[in-house]
């Protein structure tokens, strides 16, 4: 099993200050802009659907990477990763992979924004890809327009249960979405709280304003908690794919459980994040340790 080659103390001797360096940088970035925590977490999600830092590669004249694939067009936080990578290259040149940086940054962002503290041990030892595929990103990353069956299938294809899918969706307790991704829901769907829909329309007109933002969790938009699930029960899911988790289907009971039991959610979310971080990593002599996360060596 590939994941057996990953371990939480992979850099204990080769770069003992790696984790503290990353944590300080994340705390600094999130304190200057809370939204950055969600942006950094999302980078890891979009990379892992192989956790190999392919999402960080810039396009080249010969290769169209993942950055400009449709589901990745709004990704952000690349500069924070660049800053961390340059700090680590100064500390321990050629040691810490960009893929591992993404995994640690995701965890640290949740720690900074969560109440109570959510955390998990991050497996380390991934290596970086030398190529990226926009086609793979377009086909693998679940769309916000998916119905429940499509969401269950997309996660099942990566080995996740419906329960794990609902737990991981809880990352939408932070972050924002663009009007273009929720317009159809607020103007055309009926399983939405009417006053909530009205409030969203003021900043998301029926035409134009595609990039205007709204928080995914209207209740506590910058705190990592279980309010996302309570919002769904109250028909206040921002994206179609969010509300699908509580719309009379097989996952309603899971949403209700997480709304009532934050302890169960913290455990399940942590376990699912560890599992996601083990999705087809490059280890051993595969791949490389990029010097610059934006390009292969």
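Along the chain as shown, residues are numbered 1 onward.
For all residues, glycine too, the Cβ spot is worked out from N, Cα and C.
Quick look at what TrEMBL lists:
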type	residues	note
DISULFID	15-92	disulfide bond
ACT_SITE	46	active site, proton acceptor
BINDING	47, 50, 52, 54, 66	Ca(2+) 1 binding site
DISULFID	48-51	disulfide bond
DISULFID	98-293	disulfide bond
BINDING	142	substrate binding site
DISULFID	179-204	disulfide bond
- Query: Any idea what the Cα distance is from residue 142 (substrate binding site) over to residue 54 (Ca(2+) 1 binding site), rounded to a whole Å?
  - Reply: 17
- Cβ neighbour count within 10 Å of residue 293 (disulfide bond): 22
- Message: Return the residues near residue 48 (disulfide bond) by Cβ distance under 8 Å, restricted to its own chain and a separation of at least 6 in sequence.
- Response: 276, 277, 279
- For the recorded Ca(2+) 1 site formed by 47, 50, 52, 54, 66, which further same-chain residues have Cβ atoms within 8 Å of the site's Cβ center? 48, 51, 53, 55, 99, 129, 132
- Message: Sequence gap of 6 or more, Cβ distance under 8 Å: name the residues on the same chain that satisfy this around residue 47 (Ca(2+) 1 binding site), in order along the sequence.
- Response: 53, 54, 55, 56, 99, 102
- Message: Looking at the recorded positions listed here (46, 51, 52, 92, 293), whose Cα lies nearest to that of residue 204 (disulfide bond)?
- Response: 46
- Around the Cβ of residue 52 (Ca(2+) 1 binding site), other Cβ atoms found within 10 Å total 26
- Which one is it: of the disulfide-bonded residues 15, 92, 293, whose Cα lies the shortest distance from the Cα of residue 52 (Ca(2+) 1 binding site)? 293
